[in-house]
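Next up is a structure, given as structure tokens.
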Amino acid sequence: HLQVRNPRFMLTLWSPECACGRSHFTCAVSALGECTCIPAQWQCDGDNDCGDHSDEDGCMLPTCSPLDFHCDNGKCIRRSWVCDGDNDCEDDSDEQDCPPRECEEDEFPCQNGYCIRSLWHCDGDNDCGDNSDEQCDMRKCSDKEFRCSDGSCIAEHWYCDGDTDCKDGSDEESCPSAVPAPPCNLEEFQCAYGRCILDIYHCDGDDDCGDWSDESDCSSHQPCRSGEFMCDSGLCINAGWRCDGDADCDDQSDERNCTTSMCTAEQFRCRSGRCVRLSWRCDGEDDCADNSDEENCENTGSPQCASDQFLCWNGRCIGQRKLCNGVNDCGDNSDESPQQNCRPRTGEENCNVNNGGCAQKCQMVRGVVQCTCHTGYRLTEDGHMCQAEELGVHTDGCQGQLWSPVGAPFLCHVPGPEPVLLFANRIDIRQVLPHRSEYTLLLNNLENAIALDFHHRRELVFWSDVTLDRILRANLNGSNVEEVVSTGLESPGGLAVDWVHDKLYWTDSGTSRIEVANLDGAHRKVLLWQNLEKPRAIALHPMEGTIYWTDWGNTPRIEASSMDGSGRRIIADTHLFWPNGLTIDYAGHRMYWVDAKHHVIERANLDGSHRKAVISQGLPHPFAITVFEDSLYWTDWHTKSINSANKFTGKNQEIIRNKLHFPMDIHTLHPQRQPAGKNRCGDNNGGCTHLCLPSGQNYTCACPTGFRKISSHACAQSLDKFLLFARRMDIRRISFDTEDLSDDVIPLADVRSAVALDWDSRDDHVYWTDVSTDTISRAKWDGTGQEVVVDTSLESPAGLAIDWVTNKLYWTDAGTDRIEVANTDGSMRTVLIWENLDRPRDIVVEPMGGYMYWTDWGASPKIERAGMDASGRQVIISSNLTWPNGLAIDYGSQRLYWADAGMKTIEFACLDGSKRKVLIGSQLPHPFGLTLYGERIYWTDWQTKSIQSADRLTGLDRETLQENLENLMDIHVFHRRRPPVSTPCARENGGCSHLCLRSPNPSGFSCTCPTGINLMPDGKTCSPGMNSFLIFARRIDIRMVSLDIPYFADVVVPINITMKNTIAIGVDPQEGKVYWSDSTLHSISRANLDGSQHEDIITTGLQTTDGLAVDAIGRKVYWTDTGTNRIEVGNLDGSMRKVLVWQNLDSPRAIVLYHEMGFMYWTDWGENAKLERSGMDGSDRTVLISNNLGWPNGLTVDKASSQLLWADAHTERIEAADLNGASRHTLVSPVQHPYGLTLLDSYIYWTDWQTRSIHRADKGTGSNVILVRSNLPGLMDIQAVDRAQPLGFNKCGSRNGGCSHLCLPRPSGFSCACPTGIQLKRDGKTCDPSPETYLLFSSRGSIRRISLDTSDHTDVHIPVPELNNVISLDYDSVDGKVYYTDVFLDVIRLDGSCRKVLINNSLDEPRAIRDPGKKGLMKSPLEDAYVLMVSACPPYSLSLRVPSSRALVMMAVLYLRYLFWTDWGHIAKIERANLDGSERKVLINTDLGWPNGLTLDYDTRRIYWVDAHLDRIESADLNGKLRQALVSHVSHPFALTQQDRWIYWTDWQTKSIQRVDKYSGRNKETVLANVEGLMDIIVVSPQRQTGTNACGVNNGGCTHLCFARASDFVCACPDEPDDRPCSLDAVASNPYQRRPPSCHLSPPSVSLFLLGEGLHISYVIGGLLSILLILVVIAALMLYRHKKSKLTDPGMGNLTYSNPSYRTSTQEVKIEAIPKPAMYNQLCYKKEGGSDHNYTKEKIKIVEGICLLSGDDAEWDDLKQLRSSRGGLLRDHVCMKTDTVSIQASSGSLDDTETEQLLQEEQSECSSVHTAATPERRGSLPDTGWKHERKLSSESQV
């Protein structure tokens, strides 16, 4: 059945095949076999004409750029928006068929494929949309947390503290002295586990108790009020929500038994009772959620067109864009009828010219202008103008805007740019054009952006983030993001900008405040705080000086006040529930707001009058709203969309954007939304020192929160007294200088769980403890100067006190059960009391009497006191105490006050504990912090969440200062009236060397030493340091535990570096130094025991140094390396390093020494764990124990009992045996996971990973196990040291045993040894100065050597600094210098006695080798891929240009005055030339892939090379003949070298250096394995660099460069001239005579010299040729310019192919010319240079060579054959572009016609040449393997 759609006829045909005419397009065949034909021009026009989109499928409209994505509807969006979770195309085509994307590390993967912030996981919100982020398992609690029965975690010290912190009350169950839960009062409801909540929360539908006990048995609960409906569960809801289609009851009982339809005439009632728009009926979408709106649609009678089609009168469906286009597309003209608001079309029109004549919106449809109108308007009959849909009703709605009389009384229109909707989307902030739906991203990667506003004049956008609790701002282009307000925010849900006075206002429902500040956050002030519950939206009217805000607390309302906070008034307080969004229509003098619970948008006058509902249906959950012109725009949480409607009628609702992530606040970004107004503060801030706030038509000077006003315009500059209190996550103050008592957050960073506080007014410091970070910190009272004072060995610092007299800091630690003291900066810390403490809590000091007081609420609660030096300790209160928390001293009345949370009292007594009395004994649920000031006592209460005060003498006159403050902790009053005290410590520190502490009279003070150090007998001076101690590594630090004192306290060694992974540790007791290894930094370091004089002694050649031992007697350091499987030794400074053991090691770990016996012992926990022994020189190696071992970690030697002890983490035992491995027995078992083990005196000590502790036991029996220190994560090695013990006898004596280098003990005495790779001489004492023959290789960041003189084949790092990416290298055996190239720095350097840059200008990937006979360097930079350069020292360099293909990797070998190199360009080959570049010859150019390495065998006169593409090693003679494959199937060889009978090479894939026999290719061995980034390799040997040449004496007489050749030499000048004149003639002192230059061999800048007779003939010939050369050059240049102007073809294309680079990226190189190989010896080159002699390498200009003057016809014949020869080599390569070649014919050569014809033919063929990869190359590029991020140079032109 064939149906033809045509603008003029409709034809229905039956045909076996669907075939439309030539001018028609055949739509897809329907299921009934019907075919539809449409005009061909309708295909791919972006319109759905077929109805099934088959005419638009597969169309790529030319409107999208290659960087854009083409939507199915023809729209273009950024390609980065595809599959980002947002419907950017508006037809969801950009989100179809999206694979689940990989979520970032800080994101949570939803089950539906979306990614959300990890912070949103398990936060109670369905952020994923499928609720997969809320399917939460119980998380693991930390060691310092208590797990509640419901799986939640609370702080450990909250367990059994009398307060119910777990929602299920499990933290207060089974407590040893649990106090019965008190009964609740009449206004409270008691939960099942005892907690009291307000009775109004009972049966309100929310789980307030945490166990739902407040929501159970609600059937008997009091009935709902009038106007409410009671759900079956007992919940009361608005009666109007009954049967409204939304399930408001938690059991959905409000939607049951709904019989009466409550839908309007414009709505359709779903089967569920829900009401939806009638237009949604049968639209193909399930709007009812039960599909009832889409049922029985086939019986509606009329055919259904697609949503983007138009239904013609005749039943036909056409695309919407066909309407009113001047063409009868329907066939009945219904698409062009007046009913469709069509108008006559006249002439050419364009929307870009005068908006096409349209009053509002203009769009082009098939080349014709089509005008449309905004929502709320209709097109007038003229087809251009728009008028409001309801006339004469809204005459007051456009004041201040333009009125356009277009057939109606008025038309609202705002001049200026097109409006933009700016909205927050939680994770980003976006912009959308409301009339075009264009969607752009402004800011992304946000956490939880809620509220926002903008400042149009300053081009700023502000937003609040409720996850970060920050207010931020950025430029409107998304740049320069910065924080504005970062502290004191809890839930900033509203934000508004005063664009006239440059102020920022915000609401915070968490703090119940409205605040204001400058735009940068300065001078922040709490504006309104009383009678606010949950303020949300806020809007400003700066012209009238008014603020408007909504509050959705228990009494929802909309209020207003002046912008200084005065004149507060209620705008609306009835029929409100969740008033969310609020906006002001400045033109209409109205406000609009949304109510999410009532599902309504309302409006009213600014005074609240004439309130009216604008939209009351179809609003599931509106959140924010804005207004512009005649439209309202709002966001909806439920539909995740932005919607619009007419602001007058509420009609014409449209969806601007849907399928958003989570739309929040919204604003219209347009200058008219921030109209100009009078700045009441003027240019001088109204004369105010801080804030100037508008108030009506005037202004008010205001002060930041807490600062008092000292005059009408001025504020105080500081605070004199304020209440200081901690709230876990912040520290706040309440100023007593003002009357408002608003709390202000001190801007501090990283406050996680602040508990204790104190202060010192002398330097304005505030101190606090943090039990989450286990730190004590301080800062100025304004938040500046924040620093950590104490951050080690703290577990739960709960109390803090400042001695303001001696500047000491006292604190209690409930985790370590200690009281400690230090200077206020944390220095000289010491433990005062460590015995008989059980969870000490608060502490206070009384410097006048020299006492300190503290509470202890352990098993036997008590209050104690002692002298401030810990003397005279006594218990003063021990009865009727449960949880004594806060302490305070009344210095005037000599009273001690305390608060008891268990007894629920505040009491006081005299300072000795007498005359105890209860001050307050009622209504104290859980007091915690306590302080005194003046006549008042202040305290915090956890349960009432308030700060209260009372009279300090009577307890009466109680008042609440602040309430609704969660997590209240300590409290103090900061003031400046502390009494001065005279103390002996004030005079020269009391004579103490360290700490001077107050004590009770009569002494008044005492001297004390830092932890672990003893006081000398004089009672004043401390010993220099610890004598006997444990020292252990903890990955990120090193700590010591003194054994000189009666308690165990760890002290951090204050080394001023950042440790990453400290494992092994050793001590030199003689010098007092500690040695350690860091496996992340790959270093061994040392420092003094006091942390000073840190130095790295070994930084190369280390991988995982697990064991370390210091031979303090022999002055050596030994270590094991699990990564390299070696045991090494060196001097204590890291010098003379030697590998002792390298064979049959499989993870050596611990190592210990017995110097007196000459033995070293080590553990090996590889596959076959064992314990071994050898001499300290590596000799006499023996396996002692190899059975029943798992992970032998720690190891120590008991010299007194001749025992060996070790700890095994797998067998969980500590065992012992004699020094021969016999008499094995178990000492301690089980131990959970022992690691380090040490011994001192009669005890063994070990670290345990599992318990995070250090333990001690008797060394003989293993009994009496005690805990030394706990709570030490990351424990590693441990050593016990007694510096008083004698070291012992040095076997090597005082003269190092006569050894020149290393003297190493052994059982029978000692032996002399040499550093790795160096041989010991026959005298057995002296070492060679260096290895004679060795491999030298590079590995990215290092240069190493492997000696071939010794058998260990151990690599040794050459200490060259600043290595980044070393590729090539060579060695000058004469001067002893290493030359290398570094592609990261793009330099060539030499290293030795003088290390300097030789060449560093514009090198890119240089690979080089040195010429020992010339002190020169041959190199090939890739970007300058046609130049071989040579340099000498001093650094003269010359480019020897050879017309080759790309020498992408070049390896030069100098032999017999020849240069050999490989080329793996387009056609791989191996070539040879003289040292000056002459006589170039291709040796091998077949069956090559990537010829990387190249070396020369001087003995057999053969060249060897490796091919990384063909994976083989081959060789040939020096002429390229007798080629043979030596080794096949090598992985990825890079470089190779030869020595004796071996060929050595580096391999990228196996990460190794390997070798084979050079004759047979057999006996393959791995010389060195597991080396990353292996590059070049060479052999350094006396046999490799021998002989002399003519340039070796006096530089051949040349002034600059001298090149030796087989039988002569040449002089040359550098490319970059210096201040000395360069001569091509040799000086007279040259013993060699010269001959006339040989023109066909030398470049124009090089002269040649030979051994021979007389110099006078050569002078004559040289002079004549020089003159002739100048003439030829001039003629050539003239001809070159002439031919270039005639023959330049601008249309000729460049040939482009990829340049394999040493970097990971490749670049495009354009090659414009390449000459025929037969002309190699006849063209000379000259680099173009400017007047400043800065030669470029982007272009090399070829000029004629002097040999073209010879008149040799054969050479011109070669030139003629260029065309024919191109079919071979040049076809696969590149062609010669003639505009860079100028050829002058001599007499007897080609005439002008022939020359021009030849050049034209050459040019025409160049334009058509293309490259094709050779078969064996497969078009692939080599794997370069190293990365370089620097920008590559520009293209090369030849």
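Note that Cβ sites are derived from N, Cα and C of the backbone, with glycine treated the same way.
Pulled the feature table from TrEMBL, pasting it below:
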DISULFID  CYS44-CYS59  disulfide bond
DISULFID  CYS83-CYS98  disulfide bond
DISULFID  CYS110-CYS128  disulfide bond
DISULFID  CYS141-CYS153  disulfide bond
DISULFID  CYS160-CYS175  disulfide bond
DISULFID  CYS184-CYS196  disulfide bond
DISULFID  CYS191-CYS209  disulfide bond
DISULFID  CYS224-CYS236  disulfide bond
DISULFID  CYS231-CYS249  disulfide bond
DISULFID  CYS243-CYS258  disulfide bond
DOMAIN    262-298  domain 'EGF-like'
DISULFID  CYS305-CYS317  disulfide bond
DISULFID  CYS312-CYS330  disulfide bond
DOMAIN    350-387  domain 'EGF-like'
REPEAT    459-501  repeat 'LDL-receptor class B'
REPEAT    502-544  repeat 'LDL-receptor class B'
REPEAT    545-588  repeat 'LDL-receptor class B'
REPEAT    589-631  repeat 'LDL-receptor class B'
DOMAIN    680-716  domain 'EGF-like'
REPEAT    764-806  repeat 'LDL-receptor class B'
REPEAT    807-849  repeat 'LDL-receptor class B'
REPEAT    850-893  repeat 'LDL-receptor class B'
REPEAT    894-936  repeat 'LDL-receptor class B'
DOMAIN    984-1023  domain 'EGF-like'
REPEAT    1115-1157  repeat 'LDL-receptor class B'
REPEAT    1158-1201  repeat 'LDL-receptor class B'
REPEAT    1202-1243  repeat 'LDL-receptor class B'
DOMAIN    1291-1328  domain 'EGF-like'
REPEAT    1501-1542  repeat 'LDL-receptor class B'
DOMAIN    1590-1623  domain 'EGF-like'
TRANSMEM  1657-1680  transmembrane segment
REGION    1785-1838  region 'Disordered'
COMPBIAS  1815-1838  compositional bias 'Basic and acidic residues'
Using C-alpha atoms only, work out the spacing between CYS83 (disulfide bond) and CYS175 (disulfide bond) and round it to an integer in Å.
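Between the Cα atoms of CYS83 (disulfide bond) and CYS175 (disulfide bond), the distance comes to 55 Å.
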Have a look at the disulfide-bonded residues CYS44, CYS98, CYS153 and say which one has the shortest Cα distance to CYS110 (disulfide bond).
CYS98
With the cut-off set at 10 Å between Cβ atoms, which of these disulfide-bonded residues ends up with the most neighbours? Options: CYS98, CYS191, CYS231.
CYS191
Mind checking which residues of the chain, 6+ beyond the ends of the domain 'EGF-like' (984-1023), have their Cβ under 8 Å from one of its Cβ atoms?
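Distant contacts of the domain 'EGF-like' (984-1023): 803, 805-806, 808, 821, 823, 828-832, 847, 849-851, 867-869, 871-872, 1029, 1040-1042, 1044-1045, 1049, 1051.
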Can you tell me how many other Cβ atoms are located within 10 Å of the Cβ belonging to CYS196 (disulfide bond)?
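Other Cβ atoms within 10 Å of CYS196 (disulfide bond): 19.
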Determine, to the nearest whole angstrom, how far the Cα atom of CYS243 (disulfide bond) is from the Cα atom of CYS128 (disulfide bond).
29
Going along the chain, which residues at least six beyond the ends of the domain 'EGF-like' (1291-1328) come within the CB cut-off of under 8 Å?
1111, 1114, 1116, 1128-1129, 1131, 1136-1139, 1155, 1157-1159, 1175-1180, 1334, 1345-1347, 1349-1350, 1352, 1354, 1356
For the disulfide-bonded residues listed here (CYS153, CYS312), tell me which residue's CB has the most neighbouring CB atoms inside 10 Å.
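Result of the Cβ crowding comparison: CYS312.
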Given the disulfide-bonded residues CYS141, CYS153, CYS184, CYS249, CYS305, find the one whose Cα is closest in space to the Cα of CYS98 (disulfide bond).
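Minimum Cα distance from CYS98 (disulfide bond) across CYS141, CYS153, CYS184, CYS249, CYS305 lands on CYS305.
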Where else in the chain does the repeat 'LDL-receptor class B' (764-806) make close Cβ contacts, counting only residues six or more beyond its ends and a cut-off under 8 Å?
144, 155, 157, 487, 719, 722, 724, 726, 731, 733, 746-758, 812-816, 822, 824-826, 829, 840-845, 847, 852, 854-855, 868, 970, 974, 978, 981, 983, 985-986, 996-998, 1037, 1039, 1049-1052, 1271
How big is the gap, in Å, between the Cα of CYS191 (disulfide bond) and that of CYS160 (disulfide bond), rounded to a whole number?
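CYS191 (disulfide bond) to CYS160 (disulfide bond), Cα-Cα distance: 18 Å.
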I'd like to confirm something. Which of the disulfide-bonded residues, CYS160, CYS175, CYS209, CYS258, CYS305, has a Cα closest to the Cα of CYS330 (disulfide bond)?
CYS305
Between the Cα atoms of CYS196 (disulfide bond) and CYS317 (disulfide bond), what distance do you get, rounded to the nearest Å?
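Between the Cα atoms of CYS196 (disulfide bond) and CYS317 (disulfide bond), the distance comes to 68 Å.
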Count the Cβ atoms, other than its own, that fall within 10 Å of the Cβ of CYS160 (disulfide bond), considering every protein chain shown.
17
What is the interatomic distance between the Cα atoms of CYS44 (disulfide bond) and CYS184 (disulfide bond), given in whole Å?
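Taking the Cα atoms only, CYS44 (disulfide bond) lies 75 Å from CYS184 (disulfide bond).
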Any idea what the model's mean pLDDT is for the repeat 'LDL-receptor class B' (502-544)?
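Taking every residue in the repeat 'LDL-receptor class B' (502-544) and averaging pLDDT yields 93.
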I need to check the long-range neighbours of the repeat 'LDL-receptor class B' (1202-1243): which residues 6 or more away from its ends have a CB within less than 8 Å of a CB in the stretch?
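Hits for the repeat 'LDL-receptor class B' (1202-1243): 1028, 1030, 1032-1033, 1043, 1150, 1154, 1157, 1159, 1161, 1163, 1171, 1173, 1184-1185, 1188-1196, 1249-1251, 1255-1262, 1265, 1275-1282.
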In terms of Cβ proximity under 8 Å, which residues at least six beyond the ends of the repeat 'LDL-receptor class B' (807-849) contact it?
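Contacts with the repeat 'LDL-receptor class B' (807-849): 157, 756, 760, 765, 767, 769, 776, 778, 788-790, 793-801, 855-860, 866, 868-870, 873, 884-889, 891, 896, 898, 911, 930, 970, 979, 981, 983, 994-995, 997-998, 1000-1001, 1008-1011, 1047, 1049, 1051, 1271.
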Quick check for the class: what is the C-alpha distance, in angstrom and rounded, between CYS312 (disulfide bond) and CYS141 (disulfide bond)?
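Rounded to a whole number, the Cα-Cα distance is 68 Å.
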Between the disulfide-bonded residues CYS128, CYS258, where is the Cβ count within 10 Å the lowest?
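Result for the disulfide-bonded residues CYS128, CYS258: minimum number of other Cβ atoms within 10 Å at CYS258.
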Please spell out the DSSP helix, strand and coil residue counts for the repeat 'LDL-receptor class B' (502-544).
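Counting residues by DSSP class gives 0 helix, 23 strand, 20 coil.
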Hey, of the disulfide-bonded residues listed (CYS184, CYS243), which one tops the CB count within 10 A?
CYS243
Counting every protein chain present, what is the number of Cβ atoms, excluding its own, within 10 Å of the Cβ of CYS330 (disulfide bond)?
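Counting Cβ neighbours of CYS330 (disulfide bond) within 10 Å gives 24.
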What whole-number Å value do you get for the CA-CA distance of CYS175 (disulfide bond) and CYS141 (disulfide bond)?
20
